[in-house]
């Protein structure tokens, strides 16, 4: 059971209109034959899988991509009838359930096809199982690596009375978000070499994650897996500029729960790692590393009533402390991600401070923090 903190003043706010705008801007770059499938894995990158999926559908997304079968089942349970592709490997034992729920699976080995076919036959499943063949062109994660392996799989899928529907074929580029396109070109050449053995391509041919779609449009195929950019986050971080403005959808706010005057020489938080050099005002914010706000963010800053305030002392499990410029009333707004007045703190800012990527920060926001949606 997940307990959501409905009775404390800390929340994630998700702007669904920003998500719709990002999708609309992306679709405006494509021809009308190219479909956009919204990637809503990992609880919609921390934004909320069901609410994001609904917004994406309203904006024109015609399908969804997830990482695990349970995410696809959650979408079906919520009433979504659109195509859903599970991008990770699903155990063959679940093939009958997948076929029943009309879900598509990524497949990367002949052994998987052989095992799943036997299981489908043993369970007398007559509904075809939708398959997208994954090609490993250089990501090194999952997929067929040689033309011979791929040709064998295609032959299996096209046998008479096959229990499979050969619905799609795809790859994933590892460096599409980098200015140096050397390795991208290497992968693209591998893709062309592999796919040449498929004499008749399936309905969906897709190579584009957000980065590929933004900066390598010439090889888009006929479907885009629109992921992190859907949420208004630049997949390249600060290295490449997006061809159109991305609107971040997520903000994280709280309110001060305690304010005190700290005397010079007094310390704050575990380990007494911060000691006041002079008398100062300290505010307590009801969020901590159990909420996904990293312990390593000591020394970073938040916005209190539009002013930057440093996080002092170690971030605790459920609370953190900030140094205030002056006495501020309990209940004052604290912005941890987002804009207050003329100042902004982005997920990218936090990621830079933590030495990671904004994906990790967004996905790490715990379900204990309630999500509030505006549209």
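Even glycines carry a Cβ here, placed using N, Cα and C.
Small disclaimer: the values here were computed from a predicted structure and weren't measured.
Taken from Swiss-Prot, the feature active site, proton acceptor covers 41 (among others), and the record attributes it to sequence analysis. Around residue 41 (active site, proton acceptor), the C-beta neighbours below 8 angstroms that are at least 6 residues distant in the chain are 49, 65, 66, 67, 68, 71, 87, 227. The secondary structure of residue 41 (active site, proton acceptor), as reduced to three states from DSSP, is helical.
Annotation source Swiss-Prot lists active site, proton acceptor at 270 (among others), citing sequence analysis. Look at residue 270 (active site, proton acceptor): DSSP puts it in a helix. Counting every protein chain shown, the number of other Cβ atoms lying within 10 Å of the Cβ of residue 270 (active site, proton acceptor) is 12.
In the three-state DSSP scheme, residue 317 (substrate binding site) falls into the coil class. Residue 317 (substrate binding site) is surrounded by 11 other CB atoms, counting those within 10 A of its CB over all protein chains shown. Under the heading substrate binding site, Swiss-Prot lists 141, 317, citing sequence analysis as support.
According to Swiss-Prot, the feature N6-(pyridoxal phosphate)lysine maps to 41, an assignment based on sequence analysis.
Of the recorded residues, residue 317 (substrate binding site) and residue 270 (active site, proton acceptor) place their C-alpha atoms 11 Å from one another.
In this structure the C-alpha atoms belonging to residue 270 (active site, proton acceptor) and residue 141 (substrate binding site) are separated by 40 Å. Every protein chain considered, the tally of other Cβ atoms within 10 Å of the Cβ of residue 141 (substrate binding site) stands at 13.
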